[in-house]
């Protein structure tokens, strides 16, 4: 009964946060208490539901199985990153751009966090936090640099025709959060899901969809990042299972 109460309370809180954030995304109107229920309430409800559903595994792992201060902090950080990822994806869908100041702040915060934690994990560089997710600050910093390099190269070569600077920052945040193995996995998931959706859109609407059609890529980065986080394996685990069978 207590577990159901915790899950329900956490889901409701995240639903309210998502409901309000979906309203803040709309730049055409000034957000007021009255406006929350006057605009497109359906997208607000949908955003709130998605956020609350995705937060349930975090609540179960951090708060129910490990009700300690460390895991409460882990839940707060993970839930905050979940909110930021979904907010960035939704904003990109609406306006084809990413909030600069928000993503820049998160990048500098994660660089500082990972750099400072390195000194506290000298004897135990890997700490399992969620669903076999091993938090390794050094791996996170390397993945952040790798993500920036890959996406900066893509944006430079394509001259921002396929991706933009916002995609670079979101990818860097994912790298700084997940580490090398899970970032590479998230990268492949993002590319595959984007190609899958683009191909589907082309099949159902060939007249209006072409190679020049703009599709927001941040949602696919977020999908890749979240799936990589929730999956109990990373890229290197998959490669070892394929090429090094026991």
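Including glycine, each Cβ sits where the backbone N, Cα and C put it.
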123-140, 141-158 - the one TrEMBL records as transmembrane segment: 141-158
Candidates 102-121, 141-158, 215-233; stretch with most C-beta pairs under 8 Å toward the transmembrane segment (170-203): 215-233
Other parts of the chain folded back onto the transmembrane segment (102-121), taken as Cβ under 8 Å at six or more residues beyond its ends: 84, 87-88, 127, 136-138, 140-141, 144, 166, 169-170, 172-173, 176-177
